Amino acid sequence: MLKTSEKIFSETPSIITKEEGLKILNGVIPLTTCLDKAFQERNRYFENKVRIHILDNIKNGYCPEDCGYCAQRKNANSGVQEYPMKSEQEIYEDAVQAKKNGAYRFCMVTSGTGPNRLTTEKLASTIQRITDELNMKVCLSAGLLDIEKAQVLKEAGLDRYNHNLNTSENHYSEICDTHTYLQRTQTLDSVSKAGIGMCSGVIVGMGESFQDIVDVAFQLKSFRVISIPVNFFIPVKGHTIKNPSVLTPELCVRILCMFRLINPDSEIRIAAGREGHLRSLSATALFAANSLFSSGYLNVKGSEILETVAMIRDAGFVPELSNGEILPENFGTESFYSEKNFPELYKFKKF
């Protein structure tokens with residue numbers, strides 16, 4: 001075992017092979033060795049900083065797609081509250097709250113196959129207002145996208161678009177049959193051609209093999225994806241995943257290490273399922289990942305911001321703000337929310 005570990009992690013920097021990725025997931029390499037090497041790469045590109053992302057579910061339900069993992073899919077009978085797209089003012093106020101909560105990036109998510117022209121223009125207007133008035137980094141996840149719509153969003157100031165591959169091409173037909181894997185990769189191609197940074201990741205635990213997880217990690221590398229959210233499957237009411245995988249905290253950390261070592265300079269983000277699957281190893285996972293979500297997910301609650309910040313600091317890391325500065329020590333206190341610290345917020349909204 002030691003010889004195997006030394007062979008895999010002897011060079012710095014190193015991009016591991018598919019075979020080596022499988023050895024990480026299969027437990028051949030000691031977890032501490034995986035973490036040590038993953039942290040070397042994480043620290044090389046991101047130092048001791050952690051980026052907190054906050055999601056805003058701007059439209060819930062009314063989705064014609066049949067993604068088996070999703071509570072919003074058609075005919076899900078999941079009991080989620082459906083609502084149409086929020087107004088620009090509602091989304092803006094959510095962005096204000098995200099900035100107050102120390103978000104590095106504000107992530108807008110809408111259900112559906114993809115936006116039409118009118119919806120794209122509405123989203124563009126909202127994005128431009130948030131970036132201009134709040135000076136925030138924004139990510140949008142709105143489904144399938146062509147190059148023309150991507151260019152509209154780019155001109156509005158969008159610098160990141162999320163469209164997850166979710167799993168390998170080989171496994172994709174097992175989780176969705178209303179659109180293809182090719183359509184997803186074509187969306188990434190449109191985003192790239194428009195000059196928008198690509199955010200694309202996975203949901204592990206949907207009955208895929210270790211080979212599937214390794215394959216999609218390399219697929220994301222081939223697209224040069226700069227932000228990779230790693231979700232751990234949550235069996236929400238109404239899902240149709242036939243054989244969900246058993247995810248232990250150790251395996252989840254190994255998966256994050258593998259993604260880091262295949263995509264060393266990408267932002268690796270701990271996404272949905274952190275609280276339930278990583279559990280006591282949530283802080284340990286930050287030695288591989290440099291980003292996470294806080295304050296909940298689309299239809300599932302998550303850790304609140306103060307708890308998240310405390311975990312980050314307890315592990316020896318520091319939360320990074322969108323302007324590159326570090327979240328002040330007085331975060332969460334009245335003095336932190338002063339007009340001196342947030343002049344742009346007081347300019348547009350009285351607190």
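For all residues, glycine too, the Cβ spot is worked out from N, Cα and C.
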Taking ARG42, ARG269, ARG274, ARG279 as the options, which does Swiss-Prot list with CYS107, CYS139, CYS199 at the [2Fe-2S] cluster site?
ARG269
Helix, strand or coil at CYS139 ([2Fe-2S] cluster binding site) [DSSP, three-state]:
strand
List, in sequence order, the residues of the same chain other than CYS107, CYS139, CYS199, ARG269 whose Cβ lies within 8 Å of the centroid of the Cβ atoms of the recorded [2Fe-2S] cluster site.
HIS53, ARG105, SER141, ARG160, ASN162, SER227, PRO229
Alpha-carbon distance [CYS70 ([4Fe-4S] cluster binding site); ARG269 ([2Fe-2S] cluster binding site)] in Å:
20
Can you tell me the CA-to-CA distance separating CYS63 ([4Fe-4S] cluster binding site) and CYS107 ([2Fe-2S] cluster binding site), as a whole number of Å?
19
